[in-house]
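Enquirer: I have a structure I would like to understand better, so I am pasting it below and will then ask my questions one at a time.
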Amino acid sequence: MNDAECLSHLLQVCARKTEEFVRTLDSKHMVWLLEIEEEARKMFSSDFNAEPELMPKTPSQKRRRKKRTSIVPDENRDPSGRRISRRRSSANWSNSVRRLSIRNQNKTNEDSMQEEPAQPKRMTRARAQASIMCPSVVEMALPESPSQLYQKNVQVTISEQDRRSAEQKLVGSATEESEMKTDVLPVPKIAKDTISEIVNTVVPPPVPETPAVPVTPENKSRAAAKLKIAGSSTPIEAAEMVDLTCESPRPANELANEQPLNLTNQSVTPTGSKSDRRSVRRSLVVVKPSSRRSSLASQFSLASKRESMTREAVRKSIRQSIAKKKAAMETSSASSQRSCQSSIEIIDDEITIKIRPETAPSESVSEEAHTIESPRRSLRSRTFKKIAISNLPDSEEPQRRVTRQMVAMDAEPTPETTDDAQNIRRKSYKRAVDELSDDERPSEGERSPPRKKTPSPPCPPSKIVKPPPHMKSFLHTVQKNQLLMMTPGSIGKNIMMKSFIKRNTPLKMDPKEKERQRLDALRKKEEAELQRKQKIEEGKKRKQEELKLRREERLRKVLQARERVEQLEEEKKKKIEQKFAQIDEKSEKVREDRMAEEKAKKKITAKKQEEVECRRRQEEEARKLKAKQMEEEERRHQDLLQKKREEEELERQKKIAEAKRLAEQRQAEQERERQREQQLLAEKERLRAERERIEREKALQLQRELERAAQEKEQQRREAEERKKREQQERLEQERLERLHKEQEAKRLQEEQQRKAKEQAAAASAPVMNVTVDMQNSPACESYEMTPKSYKAPSVKVNEENYGMDLNSDDSTDDESQPRKPIPAWASGNLLAQAIRQQYYKPMDVDRMYGTIDSPKLEELFYKSKPRYYKRTSSAVWHSPPLSSNRHHLAVGYGLKY
């Protein structure tokens, strides 16, 4: 029984593991394989140029995938941040037209299509993105490849109402009428030769005289709007096989001859613009896919929508530009130069229109074949070759030529028309210059006619064409560069410099020569365009081959990695199976061991129960004994507690009595302390009174000493005055004596001189020979002393009290240890202390003695102003007096002597 349960459990585990493995295959590996298949199909398609995107496996790949752009671009999002180049102006314009047209087509498709219930299913990333981008299109898998669909015939079922409207609209072909009588219409496979034969059978219809854009009425085109031409095997072929020659309404028989009938399975009439309703008349017959599912996928694919809407927008814009150009050419009659240019442009259009009926079928087939090879061809070549003149309706009447004579016959232009014509001329010139690439533009000699040496006839001022300013500067720069590039060897002696000044008067030119030049220029442009296209195609093919090689290498590496992963998974599965087998064996052994353990445990538990019962009885007896012991212990404990409480009560009473005794002692101590403090206060008060008395006595003694010192000073002053008076009297007496002595000496000298004069006179009168002179009795010997004493001025007594105030003192100070003069008595000792006390207690009023001294103004002293003059320094004004406390500190610092 246990073996059967284990076997059933093992089968359940295996079934669950198998289901998980199948679910993993369906949810992961099959999705990977589908994605690889989609990427491979994209790689081998002609318009694939993106990198293959697979589902991310690691977090880094997921983050990298967030930074990439989507595989299917958002058609409703306008690009931003792109630089607009002059060379790419037409391509950017076509891109913007394509985006706007696709938006409108998406809105139309959302209104016209019927919503079908979508079933939940597993989708790859590309399908999910396609369903997000086109929510109205029902996502259906393509069971067959495009090559298989192309080999099948298509059967399309239509309603009776559609059939009747088609019979009314498209009558004229017996074979097609017989096909329309049946509800099921087989559409055979059509080769390219058949397409070329159908195109060759197209006859250009007559065109009315007025070249205007036709407007088809609503009621006539509504029935025909339901008819859709079957798409090609691929969306690229269906998008490229479009004929742009038919723009005007044509008869029903021509439409029947041109278009074989092929109807879709849509039952809703699409509501769109008139150009959308006329799309039936602008298409060729191609093969329809085999089923409704593939028809929807090819009909509503983004590539076919994008190409069809691009062509429609380009066609509409070219119709508008050509209509504006024609209206401007008809209304404008400017100068002969502008009319000549307009006639050249119109002749170009006429020649292209004339050539169109013969070359249209072959060109359309060749252009379609070329477009299938390279679907992303530039819009400039399309507009230049295929679309530029196809909007002009054909006519059986002779073409209307606008020549120089017809323009000359027009009326005189008004200023407004002249300005309009000039603006149109400039715009057309700029457009022509932009449409030509650098290597396609004709040279200066090809663009301008040969000049004549004869002077041109005068032209009225109103018809003079002045080149625009940028052309003047451009031509001037070109001529200057040519002159700079010339070498001295390349210029001959007799060669004259070519003038770069352009003549404003128009020059006559042969129309045949001009036509030949125009055809040559057109041929050169076509050749250059073909070469450029070939180079572009070669570059694209080379890049596509390189991309394919890279993708193949990348896919090969991915497949190798997948194989390695699968091998690792297989090994892991084998290991898991082995582990499961080992686990089963171990579980069997464990189960047997568990059964034996359970039996042993049962025996052990029985023994344990008996032991527990015995132990319980013993514990019950022990508990009873313990309860008795606890009661006795509790009783003893209560007795002890009672005794303890009594002892604590006695102890508490003792503590209270002790506390009372301590409180009384503390109170007595506080009382004694208070008395001691009162005694100390009284002693302090007595000492303070004694100190005040002593201070008063000291003050009185100091006052008496000061009075005594003042009296002594007064006495000294009087003594000094008396001494000065005595000295002055003595000095005056000495001066008087000296003056008398001088007067006596002067008188004696005068008398001596008189006597000498008399003796000389007597000697002169008497003979002097043999006369003996007695020197001793001579009065000359007694006239003066032989060694007179030197005169000594009386010495002035030095006042010892006047220290350092004489003229002999210099700026240097004395040394304290060795003064040059004796220190006076009033500068030391008791006299100094008395002077300080007197100045301290009775300071003199300096302001009353010397008057108020104003603070010096340093600006007036030095005749200038400096910031330091206003700072509190020794050389500046002190705005605030020194603190009064400093004065007290100075006085106390000397230490008064008592």
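Backbone N, Cα and C atoms are what each Cβ position is placed from, and that goes for glycine too.
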Enquirer: Under Swiss-Prot, the annotation region 'Disordered' belongs to which of these stretches: 160-181, 358-379, 380-401?
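Expert: When 160-181, 358-379, 380-401 are checked in Swiss-Prot, region 'Disordered' belongs to 358-379.
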Enquirer: Please spell out the DSSP helix, strand and coil residue counts for the region 'Disordered' (707-770).
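Expert: Taking each residue of the region 'Disordered' (707-770) in turn, the totals are 59 helix, 0 strand, 5 coil.
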Enquirer: Please give the sequence-distant neighbours of the compositional bias 'Basic and acidic residues' (564-600): residues at least 6 beyond its ends with Cβ less than 8 Å from one of its Cβ atoms.
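Expert: Result: 2, 6, 10, 13.
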Enquirer: For a three-state summary based on DSSP, what are the helix, strand and coil counts in the compositional bias 'Basic and acidic residues' (564-600)?
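Expert: Across the compositional bias 'Basic and acidic residues' (564-600), DSSP assigns the residues as follows: 37 helix, 0 strand, 0 coil.
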